[in-house]
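Sequence annotations record features per position, and here Swiss-Prot assigns active site, phosphoserine intermediate to Ser107 based on sequence analysis. According to Swiss-Prot, the Mg(2+) binding site annotation covers Ser107, Asp246, Asp248, Asp250, on the basis of sequence analysis. Here Swiss-Prot flags Ser107 as phosphoserine, drawing on sequence analysis.
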Amino acid sequence: MTRKYFGTDGVRGRVGQSPITPDFVMRLGYSAGKALLGRSEMPAGDRPAVLIGKDTRLSGYMLESALEAGFSAAGVEVCLVGPLPTPAVAYLTRALRLQAGIVISASHNPYYDNGIKFFSAQGTKLPDEVERAIEAGIDQPMVCAPPADLGRVRRIEDARGRYIEFCKSTFPNDLDLRGLKIVIDCAHGAAYHIAPSVFHELGADVVSIGVQPNGLNINDAVGATAPKALCEAVLANRADLGIALDGDADRLQMVDAEGNLYDGDQLLYAIVRSRARSAPVKGVAGTLMSNLALEHALAKLNIPFARAAVGDRYVVEMLSEKGWLFGGENSGHILALDRHTTGDGIVAALQVLAALRELGGSLKELLGGLVLYPQKLINVPVMRGFPWKEHPAITSALADTEVSLQGRGRVLLRASGTEPLLRVMVEGEDAVEVTYAAEKLAAVVRESAQ
């Protein structure tokens, strides 16, 4: 059964257009509340409670009120925390023993988009079957709980401080960051009032950029998806390294002292390489988009590697199935399940810095064992749900591309789970060949989608 509203990371879209409207979000909250009531194993007389956080988008205030109203109408208690990173909501949901956590965010997207994503009581993304149960109730009539049974709403005042202390607890007690000058780019997003404090309190000399949100500038030429600002700031401040988060702080990119950028594959490798020195690493999970060089570098360390579907939720599922701890995406979602239940940009950066402290040297030296293969990714706009597999011209061009690579690389064609895009990715040893093959295939997709 396909999902009508949920993508790979919750419900997302343009604010004011279906489904990101106040009416829909209220019904989403109500349906989620009823689903929680139906599945709750709480003692009789108790009622479930949820945590609602958001990033810094202006539309977050409107959607927060709608979501709050929906849960209250269903008879579910609501705890509000205001702007807070997505992984902070996951942590606090678990720490406060609540039944679900909800984040109002469109992650790395521009301010005019927004979305809703859910976490379970364990701080993990909801399973597909629970999302389907929520979807099934969205289009049903709302029946408000009796006045005496409406959910109460309260604000958690110490949420920021609790999460800062949690992040610090994931860094080794016998290490600190004294002597390091670090530039941190918070993308004018949810970590603007948190990330600088974490690294400062651990001893680093911190320079902050992207920490002046105005509701409209989230991810605007800053953050993990626009790292040029960070590269320039690292060089201008003569910093040792830079850290870039996205709007909801669940993904990470880093920059060394020379302005070289490192993606999720490289940072995951640094963490795993360091951890493997102290204890065996059973395996690492990536995705279909993970660079082949990561797989080959891990093989040299005798560490198995497996690919999940794109989306950090599927990486988590694979890690759980295999009993592994480490995984991630090249986009910067990095998982260390012995530290957190979900991808966390701040926690991941701390794990890289711990590796840097334990192994010595610079960030560039730390990542010297992994040279990425050239990879070309082209996003082609298409109608949502575009059936590309039914277009002979596309499937034929895809097959021709695979033949042309002659085993020297790979090609991937997949629909985005969050945007109306078809992603064309070609990877191989020769950069010129890779670029040519990707552009040729993308041109066929573009023509077929018209």
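Backbone N, Cα and C atoms are what each Cβ position is placed from, and that goes for glycine too.
Other Cβ atoms within 10 Å of the Cβ of Asp250 (Mg(2+) binding site) number 32 in total over all chains. Around the Cβ of Asp246 (Mg(2+) binding site), 33 further Cβ atoms fall within 10 Å across all displayed protein chains.
Most Cβ neighbours within 10 Å, among the recorded positions Ser107, Asp248: Asp248 holds that distinction in the structure as shown. The two recorded residues, Asp250 (Mg(2+) binding site) and Ser107 (active site, phosphoserine intermediate), show a Cα separation of 8 Å. Here the C-alpha separation of Asp248 (Mg(2+) binding site) and the residue listed as 'active site, phosphoserine intermediate' works out to 5 Å.
Take the mean position of the Cβ atoms of Ser107, Asp246, Asp248, Asp250, the recorded Mg(2+) site; other residues of that chain with a Cβ within 8 Å of it are Asp55, Pro85, Thr86, Ser105, His108, Gly189, Ala190, Ala224, Leu245, Gly247, Ala249, Arg251, Gly345. With respect to their backbone Cα atoms, Asp246 (Mg(2+) binding site) and Ser107 (active site, phosphoserine intermediate) stand 7 Å from each other.
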